[in-house]
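K.L.:
Grabbed the feature section from Swiss-Prot, which reads as follows:
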- Gly13, Ala14, Gly15, Lys16, Ser17, Thr18, Ser173, Lys174, Leu175, Asp176: GTP binding site (BINDING)
- Asn72: site 'Stabilizes the phosphate intermediate' (SITE)
Amino acid sequence: MSRVGVMVLGPAGAGKSTFCNSIISHMQTVGRRAHIVNLDPAAEATKYEFTIDIRDLISLDDVMEEMDLGPNGALIYCFEYLLKNLDWLDEEIGDFNDEYLIFDCPGQIELYTHIPVLPNIVRHLTQQLNFNLCATYLLEAPFVIDSSKFFSGALSAMSAMILLELPHINVLSKLDLIKGDINKKKLKRFLNPDAMLLMETEGMNQASNPKFLRLNQCIANLVDDFGMVQFLPLESNNPDSIETILSYVDDITQWAEGQEQKEPNDQIDVEE
């Protein structure tokens, strides 16, 4: 039987840890067993404890001190060390064959865009440990206030989709922060990215450098031509919002198919 997990990705500050905590809270409410696997060697304490924590193997602070490296260099060193010691990860995961695992990943996108660290870990999980994985990429909703930032984030999401080679869900997080700043009609154009949004924004700025206008047009057209990037709205404090996103993840990972069928009751009580 395949194991099931979700990789939580996105830039720093996108709300990944909050999203992980919300999933755990929802699953506990409905009686599902789930655990957070922390893959960020610089992670801070969260509401729910990490069941598996890369910092038990190696931590960013220790590497920076002992190897005299900066934060980014130390992060890469930590993941290269993890790749050389995947037997540690195998042993830790080995105790959780039937539980749902939530992999909380670092926010540095170079771990999958510049060096194949996360893609290698994903391949190990899917091929060696028999995981059905879904990737969720979080982009914070305030980015929609600046169309250029939004399309930059959408391009990063598309990069993750292509390089990780996993079924993928993009999530527009922290939606509650922009409710008073954008109407539903315009928000829908961001959930299904409309290339014209970027052109409309740049068109209002007559002082824009023509080279930037052409670059923005190419970026917007690239996202539009691929047709891969769409977003689901997320409010982490809204149980219905969490349940909706989790239903998409469950459908992709085929979670329900791996559950044992329950025998029906022999006798049904009927109220008189």
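Glycine too: its Cβ is placed from the backbone N, Cα and C atoms.
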K.L.:
How big is the Cα-to-Cα gap, in Å, between Asn72 (site 'Stabilizes the phosphate intermediate') and Gly13 (GTP binding site)?
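P.N.:
It is 16 Å, counting Cα to Cα.
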K.L.:
For Gly13, Gly15, listed as binding-site residues, tell me which one has the smallest number of other Cβ atoms within 10 Å.
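P.N.:
Among the binding-site residues Gly13, Gly15, the lowest count of other Cβ atoms within 10 Å belongs to Gly13.
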K.L.:
Check Ser173 (GTP binding site) against DSSP and tell me helix, strand or coil, would you?
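P.N.:
In the DSSP reduction, Ser173 (GTP binding site) maps to strand.
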K.L.:
I'd like the Cβ neighbour count for Asn72 (site 'Stabilizes the phosphate intermediate'), meaning other Cβ atoms within 10 Å of its Cβ, all protein chains included.
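P.N.:
For Asn72 (site 'Stabilizes the phosphate intermediate'), the 10 Å Cβ neighbour count is 11.
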K.L.:
Of these binding-site residues, Ser17, Ser173, which scores lowest on Cβ atoms within 10 Å?
P.N.:
Ser17
K.L.:
If I restrict to non-local contacts, at least six residues apart, and a C-beta distance under 8 angstroms, what lies near Leu175 (GTP binding site) in its own chain?
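P.N.:
Result: Ala141, Pro233, Leu234, Glu235, Ser241.
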